[in-house]
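Worksheet for the structure shown next.
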Amino acid sequence: MLRIDIITIFPEMFRGPFDVSILKKAQDRGFVEIKVHNLRDFTEDKHRTVDDYPYGGGSGMVMKPEPIFKAVKTLRKEKSEVILLSPSGDLFNQKIAEELSKKDHLILICGRYEGVDERVKKIITREISIGDYVLTGGEIPAMVLVDAIVRLIPGVLGDPNSLKEESFQWGILEYPQYTHPREFEGMEVPEILLSGNHKEIRRWRRKEALRKTFLKRPDLLEKVELTQEDLELLEEIKKELREEV
């Protein structure tokens, strides 16, 4: 079972997201144990201070190293992965999520204010960012990591095929999805999906997934290993797009 410990100064932020849906079921069924810890519980002064002014001047407050060190030392096990959520970290992606889902123990440190004291880097194993934008703190990034990681644990999702067909699981975006009704406000479900021809449906889905990726995230096509069929489908897509102009 994976254990995830989250260190934060706002533990109340995690009450809702982890108490519903797949994350709650994963905890109830024993696939993961998630514990949220208030960083102030690891302080030693009467004011429970977790931040201070930066040396050298400047705006904002910096998170102090002492409580973070104490929290990590208290929670750390032999094979713990200690992660600092930070704008300067590695950009989080599906590959990292898969890697972390195979770990036994994760400790997530939620940064805050203008950052954390640089000496905290001494006790972490990696830094992770969820994107090139500014957030108030590391709490929301921690939630993103937990959600992405937990759903990859075998058995968490009811249908194992759901995982195989998701966007990014095979390096490209997912194909378009349709459900009932067959026709809605003049928009119809593609006829191929009603044909019952599973070979042609599979081909259509792969082609549309490649089309969506080519139009919206062409950078992904440079990273994924494409089959000969994929290359042929891409040529078809490019030809169709040229004809539309």
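Keep in mind that glycine also has a Cβ here, set from the backbone N, Cα and C atoms.
The annotation S-adenosyl-L-methionine binding site is assigned in Swiss-Prot to GLY111, ILE130, GLY131, ASP132, TYR133, VAL134, LEU135.
The number of other Cβ atoms within 10 Å of the Cβ belonging to LEU135 (S-adenosyl-L-methionine binding site), over all protein chains shown, comes to 14. Of all the binding-site residues listed here (GLY111, GLY131), the one with the fewest other CB atoms within 10 A of its own CB is GLY131. Counting neighbouring Cβ atoms within 10 Å of each of the binding-site residues (ILE130, VAL134), the lowest count belongs to VAL134.
Taking the mean position of the Cβ atoms of GLY111, ILE130, GLY131, ASP132, TYR133, VAL134, LEU135 as the S-adenosyl-L-methionine site, the remaining residues of that chain whose Cβ falls within 8 Å of it are PRO87, SER129, PRO141. Sequence-distant neighbours of ASP132 (S-adenosyl-L-methionine binding site) (same chain, six or more apart, CB under 8 Å from its CB) are PRO87, LEU91, listed in sequence order.
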